[in-house]
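Read the structure below first, then the notes.
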């Protein structure tokens, strides 16, 4: 083994020289220079400064404008709530621990930080699954008389939380565990050891199959069918121009969210899978730190994509920020929004 395993941690550094200390008790400056820990803290501060206002604004604008309370937007709001959980439950903790160079909150704090980070990421993933299924039903129409309504959206939101909790909660009750990872300032699932006492191997396999592979298969199936249907409908002109435009814009927004999710989370998942399948291999703390911290940007990019690509929401947001006045040049966006609002598709 090229790392050092303790009762509730695994440090990716050999203790042959006797320098390894518990990441819950002393700074880990033998893993990286102090300035590198400061860079992590600065990065987390940036995510907090960006993540809180933009997600809070998403919630506030939707509450202020009744026309935004559509079934599809329920799922998008669910993402904003999950992102706020990550900001308050995870980012603030990681900022503080990075400034100190070790996880000062102890094993219990590690459990909480790891739980919120995992919960937020899984809610985002399962929300994308629900959005993909919604797009598939609306555009491909496998059930001709089905209309995605408020009750379906609420069930979709509940489903995302149930599945996310099914992934994030087991390590809190003895199936696997949360431990500090990388430079030991943030916590995640234990991919580093088999730890038979907590059946770690079976949980990691369960997580990769049920909470990563299956969602990805569903998402790619839905969008594969969707792309084919959109091309076929465009060729046959089966829908009105307004409806086609609305469906394409909403679909484009959701596809971009999926791509952004993959860009942020695939490096983390790939490195975690490599470490798990190569137990005892030599890897440095930076190898897991960079993808783990990069994955946290998911709390920022979803609302940014939503605001940039959803004309109706953008107009409502600017109206809220400008104290009820529609800014000059947004009349066209407002008109477009009012047209697409009546479509079977959610506003875009």
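Residue 1 is the first one shown; counting continues down the chain.
Cβ coordinates come from backbone N, Cα and C, glycine included.
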Membrane_side_equal(residue 107, residue 226) from Swiss-Prot: no
Annotated range (Swiss-Prot: transmembrane segment) out of 231-252, 253-274: 253-274
Which range of 153-173, 174-194 is transmembrane segment, per Swiss-Prot: 153-173
Range among 1-22, 287-308 that Swiss-Prot annotates as transmembrane segment: 287-308
Most Cβ neighbours inside 10 Å, all chains, among the recorded sites 322, 323: 322
Composition by DSSP (helix, strand, coil) of residues within the topological domain 'Extracellular' (1-36): 3 helix, 4 strand, 29 coil
For the topological domain 'Extracellular' (275-286), sequence-distant contacts whose Cβ falls under 8 Å of one of its Cβ atoms, 6 or more beyond its ends: 1-2, 12-13, 28, 31-32, 182-184, 191-194, 204
